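See structure below.
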Amino acid sequence: MVEPVGNHYIVARPVYSENSFDEEHEKLHRYHKNFWDNLKLYFRCSRQKVKKIALGLFPIVSWLPAYRFREWILSDIISGINTGLVSVLWLVRVLRSSGTLTALIADELAVCLSGLITGNGTSTNMSIINEERVMVAASVTFLSGIFQLLLGILQFGFIVIYLSHSLISGFTTAAAIHVVVSQLKFMLQLSVPGFNKPFGIIYTLESVFSQITDTNIADLITSLLVLLIVFAVKELNDRYKAKLPTPIPIELIVTVLAALISYFVNFEERFNVAVVGKLEEGFQAPVAPDVGILQKCIGDGISIAIVGFAVAFSVAKVYSIKHDYPIDGNQELIAFGLGNIVGGSFKGFASSTALSRSGVQESTGGKTQIAGIISAFIVLIVILAIGFLLAPLQKSVLAALALGNLKGMLMQFKEVGVLWRKDKYDCVIWVVTFLAAVFLGLDIGLATAVAFELLTVVIRSQIPSCTVLANVGRSNIYRNRKDYTDIYEPEGVKIFRCSSPIFFANIEFFKEKLITAVGFNPLRVLRKRNKALRKIRKMLKKGELQVTPKGLICMANQTHESDEELDNNRIEELDQPTNMTDLPIRINWGSDLPPGITVPQVNIHSIVLDFSAVSFLDFSAMRVLQKTLKEFIRIDIDIYIAGAHEGFLEKLERCAFFDEEIKPSMFFLSIHDAVLHILLKKDIASSPKLKLTEKGTNKDCIINTSNGLRSRENRVSLQ
């Protein structure tokens, strides 16, 4: 019964153990689904499941009908045009790079290209070599698409749950640093080779600075000027975004003006700047992938598939958090897989996200995939028709536009200070991820970051938070005894909380913390008591002890006998429960013992273990926990477990956890139930005339949580 009284509530109910609660309320024993049941359910076909799969494969069906045409179309058009123009930068590099690719994922392809093409001494013609490179890149792209598609179909998108926000933030920031470094050679017009290996960024910077005197001043000035203009306009866009109907399309404006100025001033001839030049028009004819290349590049295909997806998902996650929309890892895998399969068939290169283009689309007001469609349409127009208009455009302008849109990613450095104040573990994950991705490369860096992140989870669960609780405010609330002054600790009762799963890696830590909390080692006490009983039996047999109404009296001078001598025989008996049935008197371990016999003092009679935060207990930990609890029980300490989650008892029963010493009756619904049961039990022992309230056929203690404990009398509040 619950009675609201103002801002208080009064609950009157019996003290429940888990068993008594289940019996009174007739708990149902339900069948719990296992892995195979869930697997069968996953492959079962239904109308709803078909609809869900269809929407997953064609998400446009769900978002296009809800498109706000008047509100979003202008922003999407402007964003799509700007993003398309920036995309031309990557298009230029693919069409005119002669195999030396510089995009983030293309660096992976470059390694595969160098490994397969370098040793071919028969291909002396450069055009033939380039054709071979294109074929290798297309085949590896096709292979990576196959892997991504398979991972998506098999629902391996769940792996993204291991990419925390801190890891993603550090990883995308590192990727932005890689992009910045990769643009330096275009801004300075230097010939810098690609270094896709650990510490490759160091080698790249070394190559840049070793040639710094060869910098093209015109390209450098143009790049800095474009950066300054882009940053200034984007700052205005952010400051006045509430007043502007759409952000100022600075990328479009700069691209048009730069191309016109370069054309009329003739920058290429006057200042020897690097320009886009003539682009190859049209599409390549589709070809089948080379089976021989596929066999040699399986490892590269898997690496590109994973890294490409990880980079894309990380960037998408950043924007999904910022703009509050969901993303599906499996859907992304299928989309990238199909895209790479089709792209590889047309001699295309592996696709992933581009930090600069993503930044352009977001900063210029892109709302939906319509902006992406328009961007693709712009690239299509350039390929088929107007590529010649971009011929005089400086590459340094495109590089500066790419860098100008990385501000959002680079500003994630601010998160380090915030994370350090809020969660030092997450801060360390951010820093380690950033450093690993910067210096080891995105592929090895990502693997290192995920491994380190999982290691921190293991460490945190391996060293759980264990605290001693006390009653606060004389109610049913129990908190860390160190955090409050108005506390009540029932005499002889220790309440111990473990706030993590208990498993093989942390069970010994749990045991040590429990022993520290109670102040003694139960196994040591048990062994000391059994040694004392051996000694008492020996002294009684020799007549050195005499039984009197006042207890045992020593009749002779006691000679010292070392523990080693007592341990020589039947040492296994020391760990067994104490047995006094053959003695003429029951030993009171709390009273004075005969001279020469000492045992550690135990000042508690009950331990309550709060398992409300223990989500699981594995079999290895279960065995150690069982042994530890028996050690306490064998020295006459009652053990109670409170707050265990549903199914906990069933698992313990299946694993034969219970026996004559450890029984299911030790489990209680809450800490308060366990404490009241202990106090009631002690009251009954000290006052046999205490009457309990009758309820049905059972005698239960009716508790009132508004005044559950009386610390002065150490009694239960009964009604």
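One-based numbering along the chain as shown.
Just so you know, glycine gets a Cβ as well, placed from its N, Cα and C.
Of the candidate ranges 333-350, 603-620, 639-656, TrEMBL annotates residues 333-350 with the feature transmembrane segment.
Touching of the transmembrane segment (302-321) and the transmembrane segment (72-92) is ruled out by the presence of fewer than three CB pairs under 8 A, sequence neighbours closer than 6 excluded. Most Cβ pairs under 8 Å with the transmembrane segment (170-188) belong to 427-452, among the candidate stretches 248-265, 333-350, 370-391, 427-452. The recorded stretches the transmembrane segment (72-92) and the transmembrane segment (333-350) do not share 3+ CB pairs below 8 A when only pairs 6 or more apart in sequence are counted, and are therefore not in contact. Among residues of the same chain six or more beyond the transmembrane segment (427-452), those with a C-beta under 8 A of the stretch's C-beta atoms are 104, 108, 162-164, 166-167, 169-171, 173-175, 177-178, 196-202, 303, 306-307, 310-311, 415-416, 419-420.
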